[in-house]
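See structure below.
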Amino acid sequence: MSYIYLFITAAAVTGALGSSPSYNGLGLTPQMGWDNWNTFACDVSEQLLLNTADRISEIGLKDLGYKYVILDDCWSSGRNSNGTLVADKNKFPNGMDHVARHLHNNNFLFGMYSSAGEYTCAGYPGSLGHEQEDAEFFARNGVDYLKYDNCYNKGKFGTPETSYKRYKAMSDALNKTGRPIFYSLCNWGQDLTFYWGSDIANSWRMSGDIYPEFDRPDSRCPCDGDQYDCSYAGFHCSIMNILNKAAPMGQNAGIGGWNDLDNLEVGVGNLTDDEEKAHFSMWAMVKSPLIIGADVNHLKESSYSIYSQASVIAINQDPKGVPATRVWRHYVSQTDKYGKGEIQLWSCPLDNGDQVIALLNGSNKKRPMNASLEDIFFDSYLGSEELSSSWDIYDLWANRIDNTIASNILKNNKVTNSSLYNATELSYKEGLSKNDTRLFGVQIGTVSPGGLLNTTVPAHGVALYRLRRSR
């Protein structure tokens with residue numbers, strides 16, 4: 001049975017009966033949270049996780065939806081005489097169940113890491129051949145999320161079936177525990193994961209590891225352009241490199257199973273503010289998980305205001321669960337120091353009948369850009385209702401909090417501004433159905449039938465608009 005048939009059938013059932021195509025009932029929207037790897041790598045500890053969770057809560061990010069706290073590699077000291085994984089007592093003196101209890105008591109969800117190989121990527125014991133006992137270890141310790149990597153896999157890759165079977169072993173083991181555990185594959189898109197990932201998992205990485213560069217080429221990330229089927233994914237992949245690889249994959253993702261473009265680099269490295277906005281916007285558009293990769297205890301104000309932009313998060317968490325499609329891509333002569341220069345239009349429908357678009361400027365100069373309704377509603381036929389209607393344009397970044405408000409929140413460790421959205425009190429689905437203005441940006445104009453949406457987009461930047469049918 002083909003993936004396309006499964007996806008369409010599941011989508012039809014979802015619309016008719018309100019059920020989910022998720023293989024385990026989880027991942028109805030892309031996961032949100034924090035992972036230590038991008039900033040801390042192997043420098044992990046109980047104190048780091050619990051202090052980070054406290055900070056995420058204090059500055060309002062938990063109530064915006066960032067609820068998974070994910071412990072990455074380097075947490076174990078090996079296996080005991082029974083073959084059971086053992087947490088490093090120097091790093092986690094009270095054990096993993098203590099970490100889980102603290103997180104759960106504060107309304108977080110706890111994530112851990114292993115690899116579908118003999119070892120993890122950092123050389124710690126992997127789970128290949130130990131799937132059931134390791135799944136039971138995770139369940140026993142209150143784990144809600146497993147990131148499952150691809151290192152030291154003993155050559156068990158090369159065909160989709162080979163990789164599928166290796167990752168399915170852990171999927172089956174997790175399900176046998178009886179504990180709901182979000183299953184996040186990290187096999188770098190190897191062996192066409194987007195075709196089979198949703199059968200056994202809730203998300204799957206589709207490229208090599210991200211790096212905080214907008215479009216810098218790197219020989220360690222050898223595949224470029226639209227090379228989504230990359231036999232050697234590598235690492236140090238730029239934002240644009242990953243985004244362009246993801247362009248054709250949206251059709252294979254949706255409710256219950258998401259393409260994972262890797263953790264967010266907002267607040268990591270030296271990206272400009274426009275680059276960070278573009279990065280966050282495009283991950284939201286394609287329905288990638290929104291996993292913070294930064295040190296939240298040392299976030300700059302501008303990065304915090306990006307992570308807290310509820311009108312953009314609402315695109316990512318839209319109940320319809322449709323990833324954006326890249327409508328067009330044009331190379332331009334205004335190239336940056338790496339010889340890169342392109343512009344793109346992305347568009348996707350939303351659950352309430354709205355449409356969201358991103359005009360992405362990958363050139364080195366601010367430039368005027370436009371989009372016609374025919375491009376925006378790219379699947380509509382001539383004379384359709386979408387093309388014959390007028391649409392109000394809402395800028396999804398226009399209501400971004402300023403640095404003064406962000407600074408007050410970060411310094412006082414408390415959200416006092418009532419205009420900030422709280423998804424714990426009112427979910428994004430509920431807020432959208434109630435037309436909560438904080439989720440819709442600011443109206444800046446209207447585009448009429450046959451007209452053009454015109455704007456100016458900064459270099460390495462994005463214009464992100466929600467279109468609502470004019471009344």
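Each position is counted from 1, following the chain as shown.
In case you wondered, yes, glycine gets a Cβ from its N, Cα and C as well.
According to Swiss-Prot, the feature signal peptide maps to 1-18.
Feature annotation from Swiss-Prot assigns disulfide bond to Cys42-Cys74 (among others). Cβ neighbour count for Cys74 (disulfide bond) (all protein chains, 10 Å cutoff from its Cβ): 20.
Contacts of Lys147 (substrate binding site) defined by a Cβ separation under 8 A and a same-chain sequence distance of 6+ are given as Asp35, Ile70, Asp72, Gly111, Met112, Tyr113, Ser114, Ser184, Cys186, in order along the sequence. When secondary structure is read from DSSP and collapsed to three states, Lys147 (substrate binding site) falls in the strand class. Among the features that Swiss-Prot reports, substrate binding site is placed at Asp72, Asp73, Lys147, Arg205, Gln251, with the record citing similarity to another entry.
According to Swiss-Prot, the feature N-linked glycosylation site maps to Asn82 (among others), an assignment based on sequence analysis. In the three-state DSSP assignment, the secondary structure recorded for Asn82 (N-linked glycosylation site) is coil.
Around Cys151 (disulfide bond), the same-chain residues six or more apart in sequence whose CB sits under 8 Å from its CB are Ser115, Gly117, Tyr119, Thr120, Cys121, Gly126, listed in sequence order. The annotation disulfide bond is assigned in Swiss-Prot to Cys121-Cys151 (among others).
All protein chains shown were included, and the count of other CB atoms within 10 Å of the CB of Asp149 (active site, nucleophile) stands at 25. According to Swiss-Prot, the feature active site, nucleophile maps to Asp149, an assignment based on similarity to another entry.
For the recorded site, Asn175 (N-linked glycosylation site), the DSSP three-state label reads helix. Counting only residues at least six positions away in the same chain, the Cβ atoms of Asn24 sit under 8 Å from the Cβ of Asn175 (N-linked glycosylation site). Swiss-Prot lists Asn175 (among others) with the feature N-linked glycosylation site, giving sequence analysis as the kind of evidence.
Sequence annotations record features per position, and here Swiss-Prot assigns active site, proton donor to Asp209 based on similarity to another entry. For Asp209 (active site, proton donor), applying a Cβ distance below 8 Å and a minimum sequence separation of six or more within one chain yields Trp188, Gly234, Phe235, His236, Cys237, Asp262.
Positions annotated as disulfide bond by Swiss-Prot, on the basis of similarity to another entry: Cys221-Cys237 (among others).
Annotated disulfide bond per Swiss-Prot: Cys223-Cys230 (among others), in sequence order. Taking a C-beta cut-off of under 8 Å and a sequence gap of six or more, Cys223 (disulfide bond) has these contacts in its own chain: Gly208, Cys230, Tyr232, Ala233, Gly234, Lys245.
Packing around Asn270 (N-linked glycosylation site) is summarised by its Cβ count: 7 other Cβ atoms lie within 10 angstroms of its Cβ, all protein chains included. Residues or ranges marked as N-linked glycosylation site by Swiss-Prot on the basis of sequence analysis: Asn270 (among others).
If you look up Swiss-Prot, you'll see Asn361 (among others) marked as N-linked glycosylation site. The secondary structure of Asn361 (N-linked glycosylation site), as reduced to three states from DSSP, is extended strand.
Under the DSSP three-state reduction, Asn370 (N-linked glycosylation site) is assigned to strand. What Swiss-Prot records for Asn370 (among others) is N-linked glycosylation site, and it gives sequence analysis as the kind of evidence.
Sequence annotations record features per position, and here Swiss-Prot assigns N-linked glycosylation site to Asn417 (among others) based on sequence analysis.
According to Swiss-Prot, the feature N-linked glycosylation site maps to Asn422 (among others). For the recorded site, Asn422 (N-linked glycosylation site), the DSSP three-state label reads coil.
According to Swiss-Prot, the feature N-linked glycosylation site maps to Asn435 (among others). A coil conformation is recorded for Asn435 (N-linked glycosylation site) in the three-state DSSP classification, outside any helix or strand. Around Asn435 (N-linked glycosylation site), there are no C-beta neighbours below 8 angstroms that are at least 6 residues distant in the chain.
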Rounded distance in angstrom between the Cα atoms of Asp73 (substrate binding site) and Asn270 (N-linked glycosylation site) = 25
Pull out the recorded positions from the set Cys42, Cys74, Asn82, Asn270, Asn422, Asn454 whose C-alpha sits within 10 Å of the C-alpha of Asn370 (N-linked glycosylation site).
-> Asn454
Pick from Cys221, Cys237: which of these disulfide-bonded residues has the biggest number of other Cβ atoms within 10 Å of its Cβ?
-> Cys237
Argmin Cα dist to Asn270 (N-linked glycosylation site) over the recorded positions Asp149, Arg205, Gln251 returns Arg205
When you measure from the Cβ of Cys230 (disulfide bond), how many other Cβ atoms are you left with inside 10 Å?
-> 19
Cα separation, Asn454 (N-linked glycosylation site) to Asn361 (N-linked glycosylation site) (Å, whole number) = 14
